[in-house]
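These features come from TrEMBL:
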- 7-31: transmembrane segment (TRANSMEM)
- 450-470: transmembrane segment (TRANSMEM)
- 482-500: transmembrane segment (TRANSMEM)
- 512-530: transmembrane segment (TRANSMEM)
- 576-593: transmembrane segment (TRANSMEM)
- 672-692: transmembrane segment (TRANSMEM)
- 704-725: transmembrane segment (TRANSMEM)
- 745-764: transmembrane segment (TRANSMEM)
- 832-856: transmembrane segment (TRANSMEM)
- 862-879: transmembrane segment (TRANSMEM)
- 899-915: transmembrane segment (TRANSMEM)
- 1047-1069: transmembrane segment (TRANSMEM)
């Protein structure tokens, strides 16, 4: 039962951390309040425009200028794609591929113009669609729902079109279906998430676009092309496929121009840009700068054209398009109209054009003032002083506008003077609109300080709880009363009191506010019960001072403190390997300082003198440790080759190994790269099998061993075949396209299926031990010292190590003294191969299966990094085992305690793995392609792609948390033979290896609990540092660029780590239970 107590305690501690993350997140990443108010033609805010527009028939706020509109969204159309630069000597592949835009702007300057189109971060498609239809600003947390789009409840452009009787036809990205369900007159949706599919969406649009236009059964057409964005994700912008897709878009624009009439507006826009690697999601200049192209066969602009227009915020498109089409501006809009498009009517005087522009801006300001008033009443989070200043400015602008209209109607003043005053008024209104938008942007980064502090406190208390449990070690009470009853009593007691108080209406807090009290009660009961164990606090007081100033603790403090620096977070991929090397070098140096590498020897002095003198000699572990440190340094250096870059480091160039083989243009280089990847994959398989064979875990005929012998190579072959097919260009396999697509699905799914089969075999029977009967004269002493079969569980636990010792002596005696004639005279005995590494073998098999699946989800060119990092983990385990065995005797209780330096080094190695496999804690660096490995046709839900992307991103957390128990097993595995004196003869006793864990099951359970709490503590303090940094620096310039993404990645990484740590310990206990059953069956056989 103590094993169950360990698991339940770790689960409870993890829930404490999850609660702290949840509560902090609810106060840090708050979404703004969405108003359900909607604009209508009949409720023009406060007053109506005066002047020449007043009596226009059918006017809705402002007379429509266009009857129809064709809106083309080219996903990821960055400004550099659309800008024509003929003077470039060596143009990139994506440059000058849209010449039709340049031709139209040059030949018809009053009808066409290209604008830089600035997006608000986050630059993900769903948030950009929201911005371009509502005119509002999606907050940072909205990025989490980018692939699980929720219907837009706010007033928006699509709603206004439908409400005013316009027939809206949509075709393209199915994200619009989630945002605007059942809103379109006709719709043709295509799946958008498969970034490897370059043509399905675009070809589907082209199939319906021109027939729809020719039919005339529409008022607004919206077509959202995805090919350019998918080319960027798959190949990067500077690739022939991207150039081909841009050329196709050029033909689309040319054809659309021919289909337009004088009352139709053509709008071509990108929702965001892309980085040099084809990614997006952040706020770098390349990601936020898209393109906007406007064209009409009737003149759009006055004679006073701006040759090089400045950037246009995306939210400005909403009020501009609304008024041009004769619609009300959506209620929550924060954008400002584009003034160039409202300098009309052109046939009348310049004053009339200025009046039109002033009226449009006045409507825009009225709408925004109404929204600010409604929002301030609903939310109350807008700064009162700034809101008051804006209200005063708006009131003065309204009075000035009414005065100008009055003077115009009376005909007072000259036209030039009146035009000057109008232009000054327009400038002031523009200033008001910009200030209002800036205030909202600042205010919507609002926080809930109490929840953030509460979340930090819960995380800090959880870290303290883990530290106390870890430091108590074997002295900790593992009974259910201590580990479970007290915390459960605290939860139930606090929950009952709060529920009773809420039922009696004594407490009016919501559930989110009450939950921290329940968590706090649970933690306090544990601390109280811990303090009642009087010997524990005394022990901790003696250790805390020395531990605080130890090398591992100082390195951990430095790492956590440095997370408050944005430059450290940016450079963490370089700092983590340095800290890892420093820690292990310091640990090995401390061995020398403590004299653990020196062998004291005794030599007589003089002839008959009985005096002895000491002379120092060095153990063989010293040179071996230096060799391991050298190997570790080499691995760390080589793994740094496979790095990715952040936008904050413009001088950094991403490793070429991050991109897939399909991006390699040179066929010879592609073949060599593929061969190298396959060689590395074969090396990984070979080394794992060689390890299992070395320790005797491949000798039995069990289902798991047969699977290891044949399943591992089969998985490697499937991965290699998948790489070969995915690396080939689409044109080279055009004749076998259907067969290729089938194979691209079949091979990855075969890997998934074989991996699942391996896990099933492992859970069914994880004991990879080969049992062989032989002859031994002492066979009657093999079974037990109890004189019969064990009568209780305690007796069985005592017998297991005795049996193992006897097996070792039998094998050794047979190797040195046994002959065929002698064996006939001996009794029956048992030889067992692989029993000393039975725990590690099961863990190695699991980690290898996980590694193969995770490797499949990465780019094939990352395979050398996986090989290097696996060797690095192997080196770290060997350094740890040598250090541990030099400090602790094999049969001492110290072997059951994994020291802090080992856990910290293991966590740092996991961090290095994260960065050395092409990852960064930013959204643009997420490898979205992994969602379609084995699912080329796409997904019916968001669960599978989310799991695949998470597995790719957090592969380091998965492997190192699941494999953390190796830190406990490896020193036993590397135990050297000990020498014991029997009378006058010194004999060498074979090591018990992992069977020492069976000598004291309580210590084994305590060791697992201690290891789990130490690992959770290390991960928890890193998470706590990121949380505190995000909270303290929430007004920092880099909070949404550096600290918020780092917190989110750290929070999800902690969740993944805690889950797989729990599953890893579950596997260890399953193996332990299987070992006990194996020995029990062996004893029963011996009794027959």
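Every residue gets a Cβ built from N, Cα and C, even glycine.
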Mind checking which residues of the chain, 6+ beyond the ends of the transmembrane segment (1047-1069), have their Cβ under 8 Å from one of its Cβ atoms?
3, 6-7, 10-11, 14, 17-18, 21, 25, 28, 762-763, 766, 839, 842-843, 846, 910, 914, 921, 950, 953-954, 957-958, 960-965, 1008, 1012, 1015-1016, 1019-1020, 1022-1023, 1026-1027, 1029-1030
Of the listed stretches (576-593, 672-692, 704-725, 745-764), which one yields the highest count of Cβ-Cβ distances below 8 Å with the transmembrane segment (862-879)?
672-692
Would you call the transmembrane segment (899-915) and the transmembrane segment (576-593) in contact, using three or more Cβ pairs under 8 Å, pairs 6 or more apart in sequence?
yes
Same chain, outside the transmembrane segment (832-856) by at least 6, Cβ under 8 Å from its Cβ: which residues?
681, 684, 688, 691-692, 695-700, 704, 708, 712, 715-716, 719, 722, 748, 751-752, 755, 758-759, 762, 766-772, 804, 807, 862-863, 866, 870, 933, 951-952, 955, 958-959, 962-963, 965-966, 969-970, 973, 991-995, 997, 1064, 1067-1068, 1071-1072, 1075
Looking only at residues six or more beyond either end of the transmembrane segment (745-764), which have a C-beta under 8 A from one in the stretch?
703-704, 707, 711, 714-715, 718-719, 721-722, 725, 842, 845-846, 849-850, 852-853, 856, 933-937, 1067, 1070
Other parts of the chain folded back onto the transmembrane segment (704-725), taken as Cβ under 8 Å at six or more residues beyond its ends:
661, 674, 677-678, 681-682, 685, 688-689, 692, 697-698, 733, 740, 743-744, 747-748, 750-751, 754-755, 757-758, 761-762, 764-766, 768, 845, 848, 852, 855-856, 860, 933
